[in-house]
Amino acid sequence: MANIATQRIQREFSEVTKSDESQKNLISIELVNNSLSDLRGYISGPPDTPYEGGIFHLDIKIPETYPFNPPKVRFLTKIWHPNISSVTGAICLDILKDQWAAAMTIRTVLLSLQALLSGAEPDDPQDAVVAKQYKDSYEMFKLTAKHWTSVYAMTGFDKWRYPDFDYKIQRLMEIMKVDEDRARVALSSNNWDLEKATQSLLS
Amino acid sequence: MASGANDDSKESESSFECNICLDTAKDAVVSLCGHLFCWPCLHQWLETKPTRQVCPVCKAAISRDKVIPLYGRNSSRQDPRDKLPPRPPGQRSEPEPSSSTSFPAFGLGDGGFHMSFGIGAFPFGFFASTFNFGEGRPAPSPNSQDYAEDQFLSKLFLWVAIVFIFWLLIA
């Protein structure tokens, strides 16, 4: 990797570690395979959002040309959000594309992603299905996002459960012989309508 | 990780860090919006985005011609221009001349020659045309290139005027 990129990542690493946000366990990063071009980021779900209480894992790839080009970031933790693909974890955020500036750092990227969780931009969606639900039936979106957070981003006993969703997922798995994740995506994409979700899996 | 004692000691002087490489700025330049960079770092950033040149910190408009190089007292040990890419030069503008003339200079460069034509009812208006030689403004020193040009222009316009008057008389 280019010298400037290596040197910057080293400095940024200590910057994140020493930051207030890191002390409060809001963000953190660590190396993958001891390579400075491959990082793992962690952000906590912001309070008063459906993501509260969750820890979201991010895959961060540092390009050769960093910091002149943005890092490639995607969610490893499955998440229900208009600007994040529920399938691939790809993120639609301007600063990770054409609005990147060389003075931005991994720390500011992680904080921007946290801000994205607090305020979605449904008019510039990455996941059209989620964005439509967000605009058409916001309450349903909130419940679904909270359900995804509890299933994929939480560990331990403080998981929030919504028996109706759990029941429908079980039913769809039995009817269609699909795994839990596929059943959850089908139901989430169809406003938890069991019949429509079944049809969507058939087509 | 690499956050050794070396990094900690540099933390105290962090106010002069380049905003791109996060190291102490080398061949430092500052943008009009006040942000400090190494010239090689900023140059690479401008090269990366040739169509959308913005300050990497605040996204204000920025360009090669609008950054100011900083010269510290001990920074001249090695000439930064020997390195590539060359740092843009500092700009030095001359102070305004403290001239007492009320005649605004227009055309004809900085010479001490002014000419104006008054156009009115012929033939009276024509006599309002005036020639002013060496008015108010500091004349260039003799023997200089400026002085020679000045003299040449004076003579040229004088002859043009004489020819013009002569033509008017015979027409």
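Think of each number as a place in line: the chain as shown, counted from 1.
Just so you know, glycine gets a Cβ as well, placed from its N, Cα and C.
Keep in mind that this is a model prediction, so the values were computed, not measured.
Features reported for this protein in TrEMBL:
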DOMAIN    B:18-59  domain 'RING-type'
REGION    B:72-102  region 'Disordered'
COMPBIAS  B:76-85  compositional bias 'Basic and acidic residues'
TRANSMEM  B:112-131  transmembrane segment
TRANSMEM  B:152-170  transmembrane segment
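Regional average pLDDT for the domain 'RING-type' (B:18-59) in the model is 91. Mapped onto DSSP classes, the domain 'RING-type' (B:18-59) shows 10 helix, 9 strand, 23 coil.
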